[in-house]
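These notes concern the structure reproduced below.
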Amino acid sequence: MAFNFIRAAAAGAAMALCGVGSVHAAVNLPALKIDKTQTTVSGLSSGGFMAVQLHVAYSATFAKGAGVVAGGPFYCAEGSIVNATGRCMASPAGIPTSTLVSTTNTWASQGVIDPVANLQNSKVYLFSGTLDSVVKTGVMDALRTYYNSFVPAANVVYKKDIAAEHAMVTDDYGNACSTKGAPYISDCNFDLAGAMLQHLYGTLNARNNATLPTGNYIEFNQSEFITNHGMATTGWAYVPQACQAGGTATCKLHVVLHGCKQNIGDVQQQYVRNTGYNRWADTNNIVMLYPQTSTAATNSCWDWWGYDSANYSKKSGPQMAAIKAMVDRVSSGTGGTTPPDPVALPAPTGVSTSGATASSMAIGWAAVMGAASYNVYRNANKVNALPVTATSYTDTGLAASTTYSWTVRAADANGAEGATSAAASGTTLAASGGGTATCTTASNYAHTLAGRAYAAGGYTYALGSNQNMGLWNVFVTNTLKQTSTNYYVIGTCP
């Protein structure tokens, strides 16, 4: 079908009104009346890999099934960016499927993922475009082989006969089918969301082709469940009217995971509103949950190779656990109740600086009642890689004879930050001279490979000083100065 300009114009108008977020403040994710046996997940690209991770690691939750578009086998990258961009995308002949099956069984026996027996009755829908130049069809072939070890062949549908590039496929919205590019949604005259949902759930009512109620879209506070780790502060949901507060319907739940460069910050609400899921949700009482990565995450991708955590594919993976917590919350109601908004923590008081050296400064503050941790900001940029549980922090890697300003925010047990403190300033001491530092200029990715830096939450941090170097990728370049063993600061050599 040709691009639907009327629908595109309407969608554009809606997004113009809403902007990147909503005209309303984000609310807490509601607790709804959900049949927990009817919980499924699907995703595209990095979201496809994440959908597989959730389906396998949390198989007790997602036993009903999963839909995967341009994804790959569980733990395909084995914690390596080289594997991720190589065998798991471009060169699928190198995928060690039998090893990945063995790892799955081992982890299940250790309890770090759910028992694989939960997958025995799952439904799985797989899709690969014949023109996909990002995740080759051979990767999806390997995924089918992987699933053959756990899911009956009769329960798997694999569609790979549409000349589509790397995109979420629809029947009336997006780029031409053979186009690769933002928003990575393509009109291929095929309702992929509908095909997946009908395979996962069986016969469904006809979709709603009319304009969907604006009030059914909810922007929720994602920071209740996770802070940083490559995830945004808010997520989205589509809640049919019968499933909302006060409704009597018992509803299904489907988790939708966007691909790289497809979050709200990248493509506004196009993936949330125009991929076809909500039309089916509206007439079949299916709540659609759209978790969001942040633009700070590597390429806005989900963590399917370990850019944020070595445990990325286990139940303990930060992004995995956050999405599971969202599912648990939205499934915990008996009739659409919404938890009260939390009381924001007050700003820390008594923020001060002390103990200046040529390259460091100690920052202290008074404890805040109810705070689980604190975050320290220098000149409005967060400097601590991990939550600070004490009431002091030493900021390192500073330039000599330079004045800086620090503020502090308290965070609750969910990582939600309170108000910002008053600023405290301090000036580092003059350099004492002596010695010759070694400087290296390279991409953030190269710095991490060489051990001069590390990646966390989609950002790169200098080893030792923990200075924030920006996004973890091959495009951002920094010069790191080694001032002592395993200690690097951002700077230049004289």
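The chain as shown is numbered from 1 upward.
Note that Cβ sites are derived from N, Cα and C of the backbone, with glycine treated the same way.
According to Swiss-Prot:
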SIGNAL    1-25  signal peptide
ACT_SITE  Ser45  active site, nucleophile
ACT_SITE  Asp132  active site, charge relay system
ACT_SITE  His166  active site, charge relay system
DOMAIN    347-431  domain 'Fibronectin type-III'
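Everything Swiss-Prot records as a feature, shown here on the structure.
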residue	record	DSSP class
Ser45	active site, nucleophile	coil
Asp132	active site, charge relay system	coil
His166	active site, charge relay system	coil
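Cβ contacts within 10 Å of His166 (active site, charge relay system), excluding its own Cβ and spanning all protein chains shown: 24.
Taken together, the residues of the domain 'Fibronectin type-III' (347-431) have an average pLDDT of 88. Counted within 10 Å of its Cβ, the other Cβ atoms near Ser45 (active site, nucleophile) come to 30, all protein chains included.
In sequence order, Ala70, Ala164, Glu165, His166 make up the list of same-chain residues 6 or more apart from Asp132 (active site, charge relay system) whose Cβ falls under 8 Å from its Cβ.
Secondary structure of the domain 'Fibronectin type-III' (347-431) per DSSP (helix as H, G, I; strand as E, B; remaining residues coil): 0 helix, 39 strand, 46 coil.
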